[in-house]
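Quick look at what TrEMBL lists:
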- A:27-44: transmembrane segment (TRANSMEM)
- A:64-88: transmembrane segment (TRANSMEM)
- A:100-118: transmembrane segment (TRANSMEM)
- A:138-159: transmembrane segment (TRANSMEM)
- A:204-227: transmembrane segment (TRANSMEM)
- A:239-262: transmembrane segment (TRANSMEM)
- A:283-304: transmembrane segment (TRANSMEM)
- A:324-343: transmembrane segment (TRANSMEM)
- A:350-370: transmembrane segment (TRANSMEM)
- A:399-423: transmembrane segment (TRANSMEM)
Amino acid sequence: MEKALKIPDEQIIADLLPRKFGKTGQLWVGLLMCICLLGVYAYYRQLRYGLGVTAMRDYVSWGLYISNFVFFVAISLVGSLITAILRLANVKWSTPLTRIAEMIAIAAIMFAALIIIIDMGRPERLLNVFVHGRIQSPIIWDVVVITTYFFISFLLLYLPLLPDIKILLSSPSAATRPFQKLYRVMGSFWKGTYAQTLISDKAINILCITIIPVAFGIHTVTSWLFATTFRPGWDSTNFGAYFISGAFLAGSGAVVVAMFVVRKAYQMDDYITDDHFDKMGKIVVLLALVYLYFNISEYLLPAFKMKEDEEAHLKELFVGDWAVKFWTTILVSMILPMLLLLFKSGRKPLPMFIAGIMIVTGAWFKRYIIVVPSMLHPFLPMHDVPLSYKSYFPSWEEWAIACGSLAGGMLVITLLVRIFPIVPIHETMVEKKAN
Amino acid sequence: MSESTNGSQSRRAFLSGAALTAVTVAAAACNGLKDPFSTQAEDQQVAPTGEKVKLLSVNGEVIEVDKAFLKPVPHMPSVSNSEARIGIPGKKFVMVIDLARCKNLKHCQASCNHMHHIQDGQNWIKVQKMKESAYTAPYWQPTTCMHCDEPPCVKVCPVDATFKRQDGIVLIDSDRCIGCRFCMAACPYSTRVFNWNEPVLPEEIAETPYSPETSVPQKKGTVGKCDFCPDMTRQGELPHCVSACPNGVFFFGDLNEDSVTNGAETFRFSDLVRDKAGYRLMEDLGTKPNVYYLPPVNRNFPIEAGEENDKG
């Protein structure tokens with residue numbers, strides 16, 4: 001931070017302008033597009049032959065798609081944590097992270113909506129949700145709250161971007177040239193006058209306050225898709241808080257990963273500093289502890305009572321077929337990263353990156369373990385069905401679509417990073433001046 | 001119905017058949033090909049075959065019509081969608097399953113699958129071997145849709161595709177279902193099945209107009225389940241599972257009339273459930289099912305009698 005103080009404005013602009021991709025960048029985009037295309041092909045097959053191409057059947061009627069959906073919703077929650085909560089708490093150091101967080105949030109919420117449509121048996125009837133929607137169904141709550149969250153997140157990305165667009169428009173750099181037209185459409189009206197700034201600041205403040213309940217809403221309602229049923233493992237009053245705490249952890253992990261990659265790719269050591277990693281590391285430890293707490297109450301309490309229906313489910317997780325997956329996930333998504341980040345040297349960029357990867361992949365598997373085993377333990381025994389109905393392992397089409405959606409989310413983030421400054425230029429300059 | 005040799009039934013078949021053809025005769029008198037409701041009668045060239053058919057006219061007279069004037073009437077859903085959503089007025093359907101009589105013969109399942117053209121590997125009726133605890137005796141338990149009074153599936157449906165009717169039946173409108181499968185996750189009785197693929201159906205079935213009351217034809221990407229055969233009850237007939245069971249396991253009836261029958265025996269519903277200590281499945285969930293079970297006491301068959309039919 002000390003060194004960063006002395007950077008002149010022109011240097012900041014030059015440093016933070018979006019840049020053309022190098023070889024690695026192009027390779028990365030190409031790879032993501034290939035995975036996406038494979039997913040599109042798999043979805044074409046699913047549309048043509050029906051959901052029968054998946055491994056889902058009557059007992060496990062929700063599978064990889066739904067767990068992937070929950071993962072996306074979880075990841076998207078971080079936008080509100082970094083932008084809104086830290087901003088309202090007047091935390092200054094989070095400024096360079098806000099845009100990454102909002103980009104991740106937007107990309108994730110888009111793909112959450114998309115994957116839920118992919119999971120539908122009759123996607124062409126999507127409009128029925130609006131024509132015949134019944135307010136008592138948690139799906140309708142989810143549609144309402146996810147749409148709201150998308151628009152608030154979009155505005156929270158867009159409004160702080162306006163001063164930067166002004167800078168981009170005036171920049172002669174070749175890197176921004178292909179997008180000048182887009183910049184003009186988005187923000188040529190922005191002159192940066194006192195009146196405009198006043199309105200913008202006010203709007204951002206209002207959005208920051210509204211996004212917090214809406215963010216809690218998206219994940220609470222998503223957890224209620226499960227908790228409103230009777231099934232063992234889902235029938236919990238704890239589920240909303242459990243999901244939210246997990247989402248904050250997963251999202252923060254994603255931000256840490258993105259921070260590391262962007263810093264490395266764009267040599268932004270002066271802007272995304274070791275200090276940022278250190279502080280994010282402390283936040284991640286706190287969030288991991290909170291999530292661990294909810295996990296303990298989520299599994300320990302039913303395990304203490306061992307009601308008949310819960311017993312089959314819990315034993316399967318603790319010592320049965322799912323035990324390795326279950327314990328590995330707990331270890332990788334919470335305990336190991338937390339232990340690593342407790343040490344000061346663990347909060348350096350590289351170990352943080354590793355911890356972030358562990359948290360994000362762990363979070364993905366965690367959702368799978370929340371969704372699938374509960375479906376495998378219905379109240380009445382699985383019966384009068386072919387053997388293949390009694391177990392579940394996703395088909396290649398499901399994997400391709402899930403990976404395609406993950407790749408798609410990363411592609412959206414990558415393209416946003418290419419087009420817009422990943423670290424807010426204007427805010428950085430203002431802050432340096434204030435210091 | 002038409003296969004029945006029962007005198008009164010075949011008369012009814014004759015009557016309803018006559019009603020359908022009577023309409024055609026009237027239409028054939030006008031120009032049935034272009035606009036059946038046109039009052040501008042045009043000349044129509046129909047060569048009489050000389051073969052006469054006896055029909056019952058609307059005023060109850062038996063008339064003779066040449067066979068050439070008969071025209072097949074296209075299949076129409078028996079009731080409109082809004083009627084199918086309301087239900088049969090004044091009824092409250094209920095089922096009683098006598099576990100003491102079940103030997104896992106699965107005729108119920110076979111007839112249900114056949115009549116509803118359910119896809120391979122799926123069943124709306126399942127017969128499970130149940131055993132409450134280590135020292136209690138096992139028994140065969142057929143499960144249908146419970147047609148709950150507090151249906152968890154209906155609560156969660158985002159588009160009103162599954163609904164509760166005034167006569168107590170929970171139905172699915174496959175023309176509206178979006179295939180989100182939330183109802184399947186919500187149903188504690190695991191009664192719902194999903195058409196994962198394009199259903200394999202005989203052509204004439206695939207072309208039948210769909211009605212929530214018949215649940216036929218099944219549609220790709222939508223949910224299906226036991227519907228208590230409202231198309232049968234509308235005609236005053238019993239659901240297929242009830243009439244198919246040779247052991248009289250299933251009793252079906254109307255709570256308002258307080259009577260249930262398996263086709264051979266009829267009981268006062270309240271007496272039957274009280275005297276035989278009837279119960280419902282998972283009462284503690286508060287779903288209030290309309291399917292009652294009579295406990296497996298004084299059983300007609302040993303449990304082993306059904307083993308060979310149990311495919312797991």
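Glycine is no exception: its Cβ is also placed from the backbone N, Cα and C atoms.
TrEMBL does not curate its annotations; it predicts them automatically.
Taking every recorded stretch in A:64-88, A:204-227, A:239-262, A:324-343, A:350-370 and counting its Cβ pairs under 8 Å to the transmembrane segment (A:399-423), the highest total belongs to A:64-88. When the stretches A:138-159, A:239-262, A:324-343 are ranked by Cβ pairs under 8 Å to the transmembrane segment (A:283-304), first place goes to A:239-262. The stretch from A:27-44, A:64-88, A:324-343 that makes the most Cβ contacts under 8 Å with the transmembrane segment (A:239-262) is A:64-88. Residues 43, 46, 65, 68-69, 72-73, 75-83, 126, 146, 149-150, 153-154, 156-157, 218, 251, 254-255, 258-259, 262, 401-402, 405-406, 408-410, 412-413, 416-417, 422 of the same chain lie 6 or more positions beyond the ends of the transmembrane segment (A:100-118) yet place their CB under 8 Å from a CB of it. Same-chain residues lying 6 or more positions outside the transmembrane segment (A:64-88) and placing a CB less than 8 Å from one of its CB atoms are 54, 94, 97-98, 100-102, 104-106, 108-109, 111-112, 115-116, 118-119, 146, 149, 153, 156, 207-209, 211-212, 214-215, 218-219, 222, 243-244, 246-248, 250-252, 254-255, 360, 363-364, 367-368, 370-372, 394, 398-399, 401-402, 405-406, 409.
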